[in-house]
């Protein structure tokens, strides 16, 4: 995965680097200012990961650079305004994309391309022939192997986009004035991101993967493809956008779409049962009560109850508040820091 993160930063990520290093403020960022920015950004993200909240790194970075621009009078308001507009639009697009998939496409996709897991190894080594070959595990089906391959490909795609959107946050503050080369900075930034992913980011991954909604493997694939595509397009045009934001809102939309479908189906079945009961009361067709057998309703009552597990408003509110406060706090701290210390610019 680290290779794909590096590839994303090396290619599409350069467009975002240009925006962060030369677009938000009119002057270049000195190496001293860049180091101070990275320190402020890193401390904020470290705290968020420790408490398990997926803070938007891109938003924190933009806020910190904007604070520097405010302190030195070099901020480009038009560029900042364009970025903020995309910050407002992206969650809406991500949510409704996930909602449409969850409500209208997920059931049919789940029937056709259900990604299942079986006990035992996915693959085994067959030594019966002249040369050892790979074969399916004892309980592995061809569909499971295909589904697992799809998950891995989707994860690589998302890692590529993660590099395009997150590597610039590490690189931009220190390459603006040309003291540090962009290629070397991208390599170092990729290593740092990989190290963070293996260590302190585990709690955040658990928070995103389980607190927001119940996630199946198929859901994970759909979320990765949708969020990565939205973020990748914006990174290509140079917008510093958060992959976390797109991912979380796609997860929320998918969970809400699936939950709303369950509730609607449950309501329709309730209506059918009520009609059947009225028919029995009037003596029209007594057998109709058995045709609309209660066990079906009972199973769907359980499904409707579990719909609440597909969408957790409390977690959504927590993440949204962090997104709003994150760039504001980082901008304020950066402004105060550079207004007091004469190293801005």
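A Cβ is built for glycine as well, from the same backbone N, Cα and C atoms used for every other residue.
Bear in mind that TrEMBL entries carry predicted annotations, made automatically and left uncurated.
These numbers come from a predicted model, not from an experiment.
It is 145-164, from the ranges 125-144, 145-164, 265-284, that TrEMBL records as transmembrane segment.
From the options 36-55, 296-315, the stretch TrEMBL describes as transmembrane segment is 36-55. Segment contact holds for the transmembrane segment (145-164) and the transmembrane segment (221-254), given three or more CB pairs below 8 angstroms at sequence separation of 6 or more. When Cβ distances are compared across the two stretches, the transmembrane segment (85-106) makes contact with the transmembrane segment (221-254), since 3 or more pairs at least 6 residues apart fall below 8 angstroms. Between the transmembrane segment (62-79) and the stretches 184-201, 221-254, 322-343, Cβ pairs under 8 Å are most numerous for 322-343.
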